[in-house]
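Everything below concerns the one structure shown next.
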Amino acid sequence: MSSTENPDSVAAARELEALRAEASALRRQLAESPEQLREMESRVDSLSIRNTKLMDTLKEARQQLIALREEVDRLGQPPSGYGVLLGVHDDQTVDVFTSGRKMRLTCSPNVDAETLKLGQTVRLNEALTIVEAGNFERVGEISTLREVLDDGQRALVVGHADEERIVWLAEPLATVYEDSERESIAYDAESPTRKLRPGDSLLVDTKAGYAFERIPKAEVEDLVLEEVPDVHYDDIGGLGRQIEQIRDAVELPFLHKDLFHEYELRPPKGVLLYGPPGCGKTLIAKAVANSLAKKIAEARGQDSKEAKSYFLNIKGPELLNKFVGETERHIRLIFQRAREKASEGTPVIVFFDEMDSIFRTRGSGVSSDVETTVVPQLLSEIDGVEGLENVIVIGASNREDMIDPAILRPGRLDVKIKIERPDAESAQDIFSKYLVETLPVHSDDIAEFGGDRTACIRVMIERVVDRMYAESEENRFLEVTYANGDKEVLYFKDFNSGAMIQNIVDRAKKYAIKSVLDTGAPGLRVQHLFDSIVDEFSENEDLPNTTNPDDWARISGKKGERIVYIRTLVTGKNASASRAIDTESNTGQYL
């Protein structure tokens, strides 16, 4: 520095230099600030996300702590007891049966004593206070109702060991009984709200002394089918005379009670339909129930569509039970149900199919004498102290000779109608029920009659019947030799039935369907029916196999002299060589 320089100038220069440096620094800071701002914003966002995650974690941990605390509290609770409510008092105390003793307890504030129902299950805390009301008990012992006592709140029941006890009716059962008594309601048998009746099975808690529920008797429900059959007399062919007989026996007494009373004529209590298998015995019984319901509806001025009747179809062999007295009990329950239905003025038909399997002649059993008690039970039901008003018994059997004579005497099964095998005229009537004009018929067959479908089907039926009933070589079936030495040739027509005719028509329809698939030509032909007859006869060739040919002959409708020798005479399609059997020396091979 020169000695001539001014000190003030030097100071000013230095200050200016400092200001320039500061300005430069500010310029650099201003240039860097946007990048720092973005960095700071990014850090803020990151911290915010982290903070949110931490908050969620804390909330989840808090919820887990609360759940764990509740679980600890729940595990630490003392056990609860259960009891059956016996009664409610005005002071909000209740009587409860619990732990084998009757106790008077109080209700917690959360339970309204007035809403509790007798017989209801309640939950008790450690202080024996009612804290919750539950449902009615659903498990227990089954007892049979003997009678409901006059107060309508108690009942006399019988347990398994025939022990009688008085039990309270839980509120649902008591309410049903009171309503039915007050309103005189005839509840339906299947309704859970129908009136209690003797013989009902009840769910009972013998310790608490309460009956909770009516349990359907499955063993009886399986044996009895309540229905209004949709079968008409027009559906039955070839049995006009038998239908008239059963209508006179069943329908007239129901429809003209005043005339029967005027002439002092007692209506029949029962009808026996007997004859070979597959000839329409069950169909007739069902048609009777349907026709009777419609006739009574018309007499009362009701719509025939609303006609009501009951057809109790008893599965005969299943009625038998290995336990002593069970079969008799089932019979009592069946007739009890029939009387209840009939009390409404509705006709009830009790139909015993295969009657010989249940009510065979007493003393004829080989390994069992069950018939010695079952037969008297039926007799007592038919003509016992309790009448069978509006109830008629119909039995069906193909071995009427095995039914106990006491059942068949007048006053029990009064009317006996034989359902015979169809003759040629009856067979035409039966065929007409299955070969109807709505069926597709082959155009060639219709063309033979100038396009007259009705005439074609009529002639088709006549040809088929002629083929079935011709006493020709190809229709021979058996040669039987009787004990007196007489011989007789039996043809397939001697074993025809309505069921066989239906099967022949069904076979022919199947052949017609196969013909459509093979040739494309639709329609039923006479040849289809002829082929079906041959197949049906050939299949029946080997069917009459039994260890007792005389029994088989009786079932098939051939009664009379005892058969001692049988020889087959089948010569149709696929027929094997004739076979013979001497029934005296060999009883287990063919017939």
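For all residues, glycine too, the Cβ spot is worked out from N, Cα and C.
If you look up Swiss-Prot, you'll see 8-77 marked as coiled coil.
Secondary structure at Lys281 (ATP binding site), taken from DSSP and collapsed to helix, strand or coil, is helix. As annotated by Swiss-Prot, ATP binding site applies to Gly278, Cys279, Gly280, Lys281, Thr282, Leu283.
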Residue, out of the binding-site residues Cys279, Leu283, whose Cβ gathers the largest set of other Cβ atoms within 10 Å: Cys279
Cβ within 8 Å of the mean position of the Cβ atoms of Gly278, Cys279, Gly280, Lys281, Thr282, Leu283: remaining residues of the chain near ATP: Leu273, Gly275, Pro277, Ile284, Ala396, Ile419, Ser497, Gly498, Ala499
Arithmetic mean of per-residue pLDDT over the coiled coil (8-77): 82
Neighbourhood of Lys281 (ATP binding site) by C-beta distance under 8 A, where only residues 6 or more apart in the same chain count: Leu273, Tyr274, Gly275, Asp353, Ala396, Ile419
